[in-house]
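Enquirer: I have a structure here, written as structure tokens, and I will follow up with some questions on it.
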Amino acid sequence: MALEISRLFPQNIQELPSLSGVRIATAEAGIKYKDRTDLLFIVFDKSASVAGVFTRSKCPSAPVEHCRISLPHGVARGVVVNSGNANAFTGRKGKQTVDTIICAAANALKVKKNEIFIASTGVIGEPMEASSIVNLLPSMAKTAKEGNWLEAAKAIMTTDTFPKLATRRFDCGGETITINGIAKGAGMIAPDMATMLSFVVSDAAISSQMLQSMLSEAVQESFNSITVDSDTSTSDTLMMFATGKESFPCITSKTDPRYEVFSKQLRALLHELALQVVCDGEGARHLIEVHVIGATTDNTAKIIALSIANSPLVKTAIAGEDANWGRVVMAVGKAGVEVDRDLLTIWFGEHRLAINGERDPEYCEEKIGAYMQNKHITIRVDIGLGTGKATVWSCDLTKEYVMINGDYRS
């Protein structure tokens, strides 16, 4: 099914710079899609340190299980990614498929099996044959080339309507460092982690322990703060790799001043990728930004913000460009944390709609109606009980979302 490109499509798709020793190949494996690439092979010519964050679903895919087992080894030489089949809930055969692909990739690169990582995205519960992937890996290992990031982002798309890429180039301790990232995701997007798949590579030298610390911290304000439909995928995978410039001494401690410099840039890059995922939410026509302030703690603020952002009634109101702030009140009330109805204040953009538990006396339907036609809608709620605050991002819920997911397997 051909999908209309999201109206929240970024005006300019970034061109990502090449990273020395990072080679990329894509291919058409015919797993589900015809006449498009659906297989990605990232090759590291030298050992790269690795970190990862994965789904908290209790039904994780076979690729996720493999990555969790291999991650403590701390070294990566290759990543195999396919779209069209999640290889999730596929039992023993799914694990055998992963093992077969891992062995083939390791043989193609002449490296250890625990230095190969794998990710899959697509339909859940359908067995996946390894042969269509395995047969392509030897030639892909030979033809992989530096650059090719746009093609990499395209190869991992499923219901995405545009490829998602971001890059940062900055000074870190007197050395110019680059971070490149790609992501995919449009549906089945909810926190913990979450996007469906994302891969980030830097030429900095960072120990796997510090890389894991940076990634785990950075994900909280990015992929763990977005939601499209409140559904957490079985396959969510965010992995980061650091190849290590020889001229850049390795970061091995949080006390290294470069740790925070790098972390700041990583947070910005992940935030950019996460917003691209939300902007490509299936059928999305509005980006929704939810700010909650005045909660008892930051954690309760985030719970309330997610309750608002995940509410089908709030999301459909935004889709209909209807400032139905009563649905925000409903979402706050059902969050299950401490609130006081008579202290609530609600804004849509700069328009205050409710104050101290009732409609604002200066409420103007005409003014707020004009605001609701914007592509980017901001909802701000003051709980009035403390200093806790949180921000999450979501998108509206449209008829197109139902159509896309109703036809997903056809």
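Placement of Cβ uses the backbone N, Cα and C atoms for every residue, glycine included.
The feature active site, nucleophile is assigned by Swiss-Prot to T195, with sequence analysis given as support. Sequence annotations record features per position, and here Swiss-Prot assigns substrate binding site to T158, K184, T195, E282, N405, S410.
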Enquirer: With DSSP assignments reduced to helix, strand and coil, which class does K184 (substrate binding site) get?
Expert: strand
Enquirer: What does DSSP say about E282 (substrate binding site): helix, strand or coil?
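Expert: Looking at the DSSP assignment, E282 (substrate binding site) belongs to neither helix nor strand, so coil.
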Enquirer: Using DSSP with the three-state reduction, classify T158 (substrate binding site) as helix, strand or coil.
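Expert: In three-state terms, T158 (substrate binding site) counts as coil.
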Enquirer: Would you find the one among the binding-site residues T158, N405 whose Cβ has the most company, meaning other Cβ atoms within 10 Å?
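Expert: Of the binding-site residues T158, N405, the most buried by Cβ count within 10 Å is T158.
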Enquirer: Across all the protein chains here, work out how many other Cβ atoms are within 10 Å of the Cβ of K184 (substrate binding site).
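Expert: For K184 (substrate binding site), the count of other Cβ atoms within 10 Å is 27.
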